[in-house]
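Visitor: The following block contains the structure, expressed as C-alpha cells.
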Amino acid sequence: MENSKSNKRPEEEEVEYQSGFGNHLASEAIPGALPKGQNSPLICPFGLYAEQISGTSFTSPRNLNLRSWLYRIKPSVTHEPFKRREASHEKLVSEFNNQSKASSTPTQLRWNPPHIPDEPTDFIDGLYTVCGAGSSFLRHGFAIHMYTANKSMTNCAFCNADGDFLIVPQQGRLWITTECGRLQVSPGEIAVLPQGFRFAVNLPDGPTRGYVAEVFGTHFQLPDLGPIGANGLAAPRDFLVPTAWFEESSYPGFTIVQKFGGELFTARQDFSPFNVVAWHGNYAPYKYDLSKFCPYNTVLIDHSDPSINTVLTAPTEKPGVALLDFVIFPPRWLVAEHTFRPPYYHRNCMSEFMGLIHGGYEAKADGFLPGGASLHNCMTPHGPDTKTYEATIARGDEAGPHKITDTMAFMFESCLIPRVCSWALESPLMDRDYYHCWIGLRSHFTGEGTDMKSLSIQNAHDTESGGESMVVNI
Ligand SMILES: O=C(O)Cc1cc(O)ccc1O
Ligand SMILES: [Fe+2]
C-alpha cells in the first residue's frame with residue numbers, strides 16, 4: 001500500500017510541503033494516525049509503532065532542542081546486524097588529522113567540474129570527500145563532499161550518523177524520499193538532511209552532480225539579522241518540509257547504508273524504511289529555493305562582506321564564529337559609487353570553499369566553471385583575477401547601477417582549517433595554473449596621486465597595446 005492516490009509515476013507527482021524554518025510541525029498521511037494528547041500511547045492509532053529521533057541531547061536548551069516522533073509500520077530497529085560494507089567506500093572521510101588521507105595547504109586551489117561517470121553510479125557510490133576539518137567522533141567539524149551520479153538508488157536507503165548534509169545540486173534534479181516524506185530538489189534549490197534520517201535519492205533527469213556540506217555536532221540555523229531588522233535574507237516561511245508519505249511494500253533484501261565515522265556499514269531488512277504514516281516535531285529534512293533569497297547590500301559606497309548573503313549558519317560556541325556558513329552570491333544590483341565593486345582582495349582567518357551552480361562568478365572572468373570548486377584556506381590571499389580587475393578599472397567611475405544576472409555562486413566558510421583529501425590534490429581536475437589568473441596584476445603605482453580617470457586611461461592604453469581582452473561585465 002502507498003498513500004498516493006494518483007496514477008502518475010512517483011517522480012512526476014506533485015509533492016506537498018509544510019513550511020517554516022524550525023517549526024514544530026505535524027503531518028498525517030492517513031487522518032487520525034497521530035496519537036492525541038501524548039507521544040507514546042500503549043497502542044498507537046492503526047497499530048503503528050512510536051519512535052523518537054533526536055537531533056540534540058535530551059537536555060539541550062529548549063530553543064536548540066530538536067526531536068521528532070515518527071509513527072511507523074515497523075520500527076527502524078527491525079534489521080539484521082550492521083556489517084562493514086564489503087567494497088568499502090574509501091573516498092569518504094569524517095576525521096581529519098595528520099594520520100588521515102588529507103593534508104592542508106595554503107595554496108589557492110581550484111578544480112574543474114567533475115565528469116559524470118558512464119558506469120552505473122548512484123548517489124552513495126558517487127559521493128566523495130574533498131576536504132574537511134575536525135572529527136565526527138568528537139562532534140566538532142565539517143566535511144565538504146561532491147557527488148556525481150547517473151542512477152537512482154534502488155532497494156536501499158542512506159543514513160548519515162555523522163552529521164547533517166546540506167546538499168547543493170548543480171546539475172540534475174534530486175527526488176529525495178525521506179522518512180518524513182518526499183522532497184523534490186532542483187539545481188538552484190538546496191536540501192538539508194539532518195543527522196540520522198534515512199533517505200533515498202532518485203534521479204528523474206539521469207546524470208547529476210553537486211556539492212554537499214556536512215557538519216558534525218551542530219545544526220544549521222538562520223543567521224541573526226542584527227541591524228537589518230526582522231526581515232530579509234532567507235525568510236523562515238520559504239523553507240519547505242515534507243508531508244508524511246509512506247510505502248508498505250515488502251522489500252526482501254532492502255539495505256540500509258549507514259555512514260558512521262566516515263565508513264559505510266550495511267544492514268538488511270525486509271521492508272521499506274519509508275513507512276512513517278504520521279509524524280510530528282521540529283527535527284526534519286527541508287529544502288529551500290535560493291531564488292527566494294532577499295539580498296541586502298551597500299547602496300552608496302564600498303563592498304559588503306559576504307556574510308551579508310548568509311543563507312544558513314552552523315554555529316560554534318563562540319558568538320559570531322561559524323563552524324560552517326552557507327553563503328550565496330545571487331543575481332543583484334550593484335550600485336556603489338566610486339567603489340571597486342567586485343570582491344576586494346583579501347586574506348581571511350576563516351577558510352573559503354566555493355562552488356558555482358550556474359553562470360559566471362563576479363570575481364573570476366574565466367576558469368571558475370559551473371560544477372567546479374575552489375578553496376582559499378585560512379589567510380590565503382585571493383580576490384578578483386587580472387581580467388576582472390582591469391575590466392573594472394577600465395570601466396571607470398561611470399558604471400552606473402548594474403545588475404549581475406545569470407549567476408549563482410556559493411561559499412562554505414568555516415572557522416576550522418580544512419585538510420584536502422589526497423585524491424582531490426592529485427586529481428586531473430585540479431587547475432595547476434590557477435595562480436596565473438593573478439600573476440598579471442601589474443603595479444599601477446605612479447608615486448603621484450593617481451585618480452580613477454588617469455588609471456582607467458592608462459589601463460585602456462595598455463589594453464590597446466596588447467593587454468588582455470576584457471570579458472566581464474561588472
Ligand atoms: O573570495 C570570494 O570570492 C568570496 C568573497 C566574496 C566577497 O564579495 C567578499 C569576500 C569574499 O571572500
Ligand atoms: Fe574570499
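Cβ coordinates are placed from backbone N, Cα and C, and glycine is handled just like the others.
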Visitor: Besides His346, Tyr361, which of His382, His402 does TrEMBL list for that homogentisate site?
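Guide: For the homogentisate site that includes His346, Tyr361, TrEMBL also lists His382.
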Visitor: According to DSSP, which of helix, strand or coil covers Tyr361 (homogentisate binding site)?
Guide: strand
Visitor: Treating G and I as helix alongside H, and B as strand alongside E, what does DSSP give for the compositional bias 'Polar residues' (96-110) in helix, strand and coil?
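Guide: Breakdown, helix to coil: 0 helix, 5 strand, 10 coil.
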Visitor: Could you round the CA separation between His346 (homogentisate binding site) and Glu352 (Fe cation binding site) to a whole angstrom and send it over?
Guide: 11
Visitor: What other residues of this chain sit with their CB within 8 A of the center of the CB atoms of His346, Tyr361, His382, the recorded homogentisate site?
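Guide: Counting only non-site residues, the set is Pro343, Tyr345, Glu352, Met354, Ala363, His376, Gly383, Pro384.
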Visitor: If you average the pLDDT over the domain 'Homogentisate 1,2-dioxygenase C-terminal' (291-445), what number do you get?
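Guide: Averaged over the domain 'Homogentisate 1,2-dioxygenase C-terminal' (291-445), the predicted model reaches a pLDDT of 97.
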